[in-house]
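Engineer: Sharing the features that TrEMBL gives for it:
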- 130-150: transmembrane segment (TRANSMEM)
- 165-188: transmembrane segment (TRANSMEM)
- 200-224: transmembrane segment (TRANSMEM)
- 236-255: transmembrane segment (TRANSMEM)
- 295-316: transmembrane segment (TRANSMEM)
- 337-358: transmembrane segment (TRANSMEM)
- 378-398: transmembrane segment (TRANSMEM)
- 419-445: transmembrane segment (TRANSMEM)
- 451-474: transmembrane segment (TRANSMEM)
- 486-504: transmembrane segment (TRANSMEM)
- 537-556: transmembrane segment (TRANSMEM)
- 568-588: transmembrane segment (TRANSMEM)
Amino acid sequence: MTTSLDPVTADAEDAATFEIPSIDKIVTKRLNGIDQVATMQLPAIDMPGLSFSTELRAIRLGLPSLPQEVDGDWADAATWIMPAIPKSATTIAGATAAVAEKQAAEKKEQTKKGAGGYISLAVEMVKSSGIYAISAMMSPLSSLILTPYLTRTLSKPDLGALLDLYIIIDLISTITQLGLSSAFFRAYNKDYETPRDRAGVLANTILLLALASLPAAIGIVYIAPFLSQTFLKSTAYSGPVMLTGIIIVAENLSFPASSWFQAEKRPIPFTCLSIAGTVLGLLMSIVLVGVLHMGVIGALIAKSIGYFITIAFAYPQIFLRLVRADGLGFRLDIAKSMLTFGIPTLFGDIASWVLQASDSWLLTLIGAGIDQSAEYRVAYVLGGVLSPVLLAPWGLAWRPIMYSLSKREDAPRIYGLVFRWWSTILLFGAFGLSLVSILVLDIFYDPSYRVGAAIIPLITLSTMLQGIWYMFMIGVNIRRKTGLEFMYMVISASINLICNLILIPRYGEMGAAVSTLIAYVVLATVSYIVNRRIYPIDFGIGSFLLKLFIGIALYLGGRFLVQGHNEVGNWLIILLTLLLYGILLLALGGLTPKKIMGLVGFVQHALRKEPNKASV
């Protein structure tokens, strides 16, 4: 039975039981006091913990409803029980404070770990970067292995022309890549995240490189005789010059493929392709140059074989990826973004080319000619052997280590320790490789190239300073002032070019080597001075210079002692001198035999610990 209530005269306690057909039909006599208002019943929600994650998930709940029947006062109705929530998590401020407290505790714990934790971190990152280091070493090692063979199978003018063409290929490839080598990784791994956008980045990179490379190649083929006469002092190399245009296109089109493997974190195919290309290139050089006597053209074909292998293997996979992700086609927004970022880096790349390769070219143009350029490049390869042996692996492993250490409170101190031991390794390596390279030149190379032995230590010292420069770039990288790197390169390249123009006409290849050394001294000095201002680190330069001068003195003494001895006597003197320098470096570094054994044991333990975590 339903009873009608008078909203003016009836009391709430006199009301008979009634049904509420819907919420909008509820009738009350009067407004009760706040303590008499019934508490609305809310559904219980399972809340294992309050999270401030950025990902919010929808919870499906039934709509709350009023009770069908109430006996007595509304204040007597049952109240649903809400789950208890910790006070610290009930507000954003409380949660933020809890997170900050946790982070502070973690940071304090990290600081307490000491040098052992840093070494363990470094070991793990070196292991994870090792497979890329193998790939980085392949090209320089190939050049180191192939050069002695070419000195005995090619005439000196042909070898000089070939090495100059390598330099020209590097320059034109650098220009026609439009700075996309750095822009690709930024766009693929940072600016764009969806599969379609990333496919667009890959497709537009290929398209832009093709649009830049093909016209350049056509132009090179069209004016090949002019280029041959201008840069190689002979039209006899017009055919090889035409072939360089094709090689430039192949190199540029292989770049997106290898970069795609890196961006997708697929080091196995990346490294396997690099190894396969290098090995096949060496075999092709032996067959085409030594057996078929194809000369410079055969050597160029062998150089390009690795690029074509990469294209043949990767491009079918790339095409399938682009089709599946609907990424085929030109996208103006992606192209504009990549070119805006990449083109400004071209100037730094060109400056780097001037610093590292222009001296050989200038020896042909303003020096004694193409023969002298060949002698210089052979000595340069031997003097720069430190690069594939130490600098290439270190360059790949150091960057992630550097950024990880930057999060520590005592990062500057750790950077100083790393510099102390890295510079010691570089000094020892440069000392030993300088002595060994001269013997290798005498044993494996054609005797006519031994005149370049005097410049090997200068090139080795320049390469060692390049490794030191890596450490002086810490501040630029941590503070994100990468524009300073361009400034460093422009300054050192300009000095190198000016010194070459002055010294090469007078002193030939020795003038070129001295110019290179001066440029790298300036590069390291300027970067060190700027780093002290933007990110002060105690590198211990005084100790480094002392070790350097001791090494120079021992090297000169060793070179003096090896004169007039047979091959066995020379090797014995070199080994004894190298051992003495190593002992002095360890003593100056404060390493006792006990400390060395302890460090070796720790590294072995770190290498065995959790190997699965270090796999790539």
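Quick reminder: no glycine exception, Cβ is built from N, Cα and C everywhere.
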Engineer: In the same chain, which residue numbers or ranges, 6 or more beyond the ends of the transmembrane segment (337-358), come under 8 angstroms Cβ to Cβ?
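Structural biologist: For the transmembrane segment (337-358), the sequence-distant neighbours (Cβ-Cβ under 8 Å, at least 6 residues beyond its ends) are 167, 170-171, 174-175, 178-184, 186-187, 191, 201, 204-205, 208, 485-486, 489-490, 492-493, 496-497, 500, 516, 519-520, 523.
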Engineer: Go through 200-224, 378-398, 419-445, 486-504 and flag the stretch with the largest number of C-beta pairs under 8 Å relative to the transmembrane segment (537-556).
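Structural biologist: The stretch with the most close Cβ contacts to the transmembrane segment (537-556) is 419-445.
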Engineer: Using a cut-off of under 8 Å between C-beta atoms, tell me which stretch among 165-188, 236-255, 568-588 contacts the transmembrane segment (200-224) the most.
Structural biologist: 236-255
